[in-house]
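According to TrEMBL, the protein has these features:
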- 1-21: region 'Disordered' (REGION)
- 48-122: domain 'Cation-transporting P-type ATPase N-terminal' (DOMAIN)
- 326-350: transmembrane segment (TRANSMEM)
- 375-401: transmembrane segment (TRANSMEM)
- 888-906: transmembrane segment (TRANSMEM)
- 926-944: transmembrane segment (TRANSMEM)
- 964-984: transmembrane segment (TRANSMEM)
Amino acid sequence: MANNIVDHPPGNSVAEGNHDGDFGVSMEDLKNIMELRSSEAVTMIQEKFGDVQSICRRLKTSPIEGLSGNPVDLEKRHATFGKNLIPPKKAKTFLQLVWEALQDVTLIILEVAAIISLGLSFYHPPGGDGESCGQAAGGVEDEGEAQAGWIEGAAILFSVIIVVLVTAFNDWSKEKQFRGLQSRIEQEQKFTVIRKGQVIQIPVAEIVVGDIAQIKYGDLLPADGILIQGNDLKIDESSLTGESDHVRKSLEKDPMLLSGTHVMEGSGRMVVSAVGLNSQTGIIFTLLGASEHDEEKKVKKSKKRKPERCSDSPEKHLKIPIKDRALCLFSTGLFMSAMTVIILILYFVINTFLVQNLSWVAECTPIYIQYFVKFFIIGVTVLVVAVPEGLPLAVTISLAYSVKKMMKDNNLVRHLDACETMGNATAICSDKTGTLTMNRMTVVQAYIGDTHYKTVPEPEAIKPETLEMLVNSISINSAYTTKILPPEKEGGLPRHVGNKTECALLGLVLGLKRDYQPIRDEIPEEMLYKVYTFNSSRKSMSTVLKNADGGFRMYSKGASEIVLRKCSHILDAQGQPRVFKMKDRDEMVRKVIEPMACDGLRTICVAYRDFPAEAGEPNWDNENDILDNLTCIVVVGIEDPVRPEVPEAIAKCQRAGIDVRMVTGDNINTARAIATKCGILQPGEEFLCLEGKEFNQQIRNDKGEVEQERLDKVWPKLRVLARSSPTDKHTLVKGIIDSTVGETRQVVAVTGDGTNDGPALKKADVGFAMGIAGTDVAKEASDIILTDDNFTSIVKAVMWGRNVYDSISKFLQFQLTVNVVAVIVAFTGACITQDSPLKAVQMLWVNLIMDTLASLALATEPPTESLLLRRPYGRDKPLISRTMMKNILGHAVFQLIIIFTLLFAGEVLFDIDSGRNAPLHSPPSEHYTIVFNVFVMMQLFNEINARKIHGERNVFEGIYRNPIFCSVVLGTFALQIIIVQFGGKPFSCTALTIDQWLWCIFIGIGELLWGQVSLFPVKSDCVGGGGRCGGKKGLLRAAVMFPSQPLPWQLLLHMKAVSNKV
């Protein structure tokens, strides 16, 4: 028998209370069976159990009605066979994250320097005085101040602890968010099982051994199982076995179904035999866990290897994580800090031992060493501010914030980098059904009995024989999981469950005053002799029944052009078959199918074929002969209305410089009509609409190979690709991505719902899977899942992606300004005055402002519609635009002029004592406190300037929409007041007067005024076309050696360990 079914006793063999005894099969027995394949497994089942039915009895389940769903029974199955959960890798504890944060090189250097400083401050050698040690010890007259020398070392250590705790907390909250996202994705996964005779969907985690699971095309199997009944079932087991060929499953040859494998064709039912860690996937996970310790050792060894050299090649950028890329900046900071230390030591040695002509005496050694430690700490402070350590944090916060908000916009992000990449998308290849249309299909026209009905005909208008044939064909030749259920609310629309096209046909049956369910009850799925399930190559579905006389009847349905080509007869007005010639078919295409398609209708042909008993049983594997000589019953036109919000969404995409293409399996006339309604095609525009066949003729050479040069002539103008196969979609996507035509490389987003869309979704820069209509395979291959299957959600993803890109650019504009100013001030001040105007603890506070707090403030800006008014940047756009570069350098110059004016003339301007050339352990000065305060005030107000990166004048626009930003700015200001007024010796500050504070704030406000003055026009930043915007002559590379490379991957790979395949 061609259809694979197992005999079963009538009724449900589940006994509600009969679960006290042990199951008739152990977990080990089931595990041993699942390790076998093909004929070995069949032989083992026959020898040990007899058949699959016997296994079902031992597991106390019914192949027809499944489990009873009794909580006591389910709990017992959990206890005996385990739960369908694979425990996630244990999360790092907070202490482990603290330890990792402590591994930072700059923090280690600071810790060592602080500990040495702290130790020396407690050592007071006898006889060491100011006279014998020269001017180096001069000014240490206040014994209390000298005794308080430990405070600076202690303050640095305390600051390091704060930085470490903040870093560890950020890592902990980041990992918690990502685990929550993973948990959300797992909860979304449901699977179809039969319990109490009802077909229900339950979370994958609730599946137990003994459940009867219904499997169908596109499913990702959540547990191991043994086939009970199958229709044309083919499985992709490459994820477990590595074999790329699809494996045909049947009761006679290979009934073993493994978790983690994909159903590529067909449908069926299986009894679940192993779950969780006992399934084949679980066993592999267990082995991976066992080898994890060895792997960690390897990782630790690999960490000892020499870090990769800083490189400007794009290929390197894709492979080196952010912390290695930061070596480029780190090396610059290291050079500056080393120069600072060398100059300070040389100046000290020359001044003390040559100018003052002193000799080194033992009593002065601790004092000299304290000076050397102080110089070393100054050098480290230069290093601390030279590296934008907050960059990974800004990326993380911006992405985590966006991912959380995108969930509310029906975008479930699986891969974090897709979030940003979507902001640079230049092309979207979208499906039609369900994405651009409502996916609520209704039959509105029909050609039946030689008559074209513009509305659904009354049942009386159709011959009873024809009506009977039509109702039987639709009821039987469709997935039995497809149903039309009553509306949830009174007055609502009926609920469509399952395949939407089949729902439309079932709706036609109901519209003809008939019911499909009694027919299905009379002919249950087990009685179907053979099923040719729908796939992208067949574009049709056929079901075979065995007649009482030994003959067979086959019902078929599918795309009208394809099925009509296989029809040799058609039912006439009397319900009798008449010959259907090629000219008749051409006439029907011209008079019926094309007018329907031009109205935007999908056309489906329903047909049948009888195989007489005397001809014997056909060879069911010879599809070409089987699916031929059909008799057409009806051609229907199915309407799937365009979503009302889609035309506006597509118009937004077009304004934003994104080309939208429709890739569909529908008739070209239908596709063209829908594309026109959506706004993809505009009147008067010379865009191409091609069918898959014509598309392949234009892009392939005589050998059938795709040529990029030919493809480059087609895709720029292509807007609709109809009657396309998944291979065509993949070819188009790959061709657009690989193309070098135009000013910039294309960034392509693709939507898909079918199993065979997987390659295109994988190839695309961003793959969108349908959350409702999408198969598990498509979701697995995607980067983002559209939980509402709506195109408008893609537009929201574009907006969020651009917002992520801009948020990180804002943060960079702010932080690199602080970096440039702080490094130059610390270096120049140290070389001229032998002391850094900004102390180590103050630098750590500034670092905290520009790292954690600024990244929190600038990376959480909500998106606005204005983001869609510019064209995408494309692949080659540097992260730092010319406008941003001008802002960074312009504000840096302004701040340096102010700081150096205060440093060298501040005592005159404010009528206070000078803080320059202060001796060791001298008390904090008003002079250097004002310098520090003005520096922080300018950063605070420049943070407001940094909110705009495209030359906008109104930097306050929308500031109240971001309470996080307002809170950070006000909070930082309040903390600065506390530090200055009450920080004292630990922060090297002394309390300022009201007048001094007002002057500091006034100078800080000058940043806002300077921001307005500096908004002179610059050469275009290539916002319109994406281009290379400065190319290899990027100003920033010359200024601070920041790589002028685009954001994708370069900044995000550092999160791979946490976010990989969330």
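All positions are counted from 1 along the displayed chain.
Every residue gets a Cβ built from N, Cα and C, even glycine.
The stretch from 326-350, 888-906, 964-984 that makes the most Cβ contacts under 8 Å with the transmembrane segment (926-944) is 888-906.
Along the domain 'Cation-transporting P-type ATPase N-terminal' (48-122), the predicted structure has mean pLDDT 80. Same-chain residues lying 6+ beyond the ends of the transmembrane segment (888-906) with a Cβ under 8 Å from its Cβ atoms: 813, 816-817, 820-821, 824-825, 828-829, 833, 837, 880, 912, 916, 927, 930-931, 934-935, 938, 942, 945, 1003, 1006-1007, 1010-1011, 1014, 1035-1036, 1039. Residue counts for the domain 'Cation-transporting P-type ATPase N-terminal' (48-122) under DSSP, split into helix (H, G, I), strand (E, B) and coil, are 44 helix, 3 strand, 28 coil.
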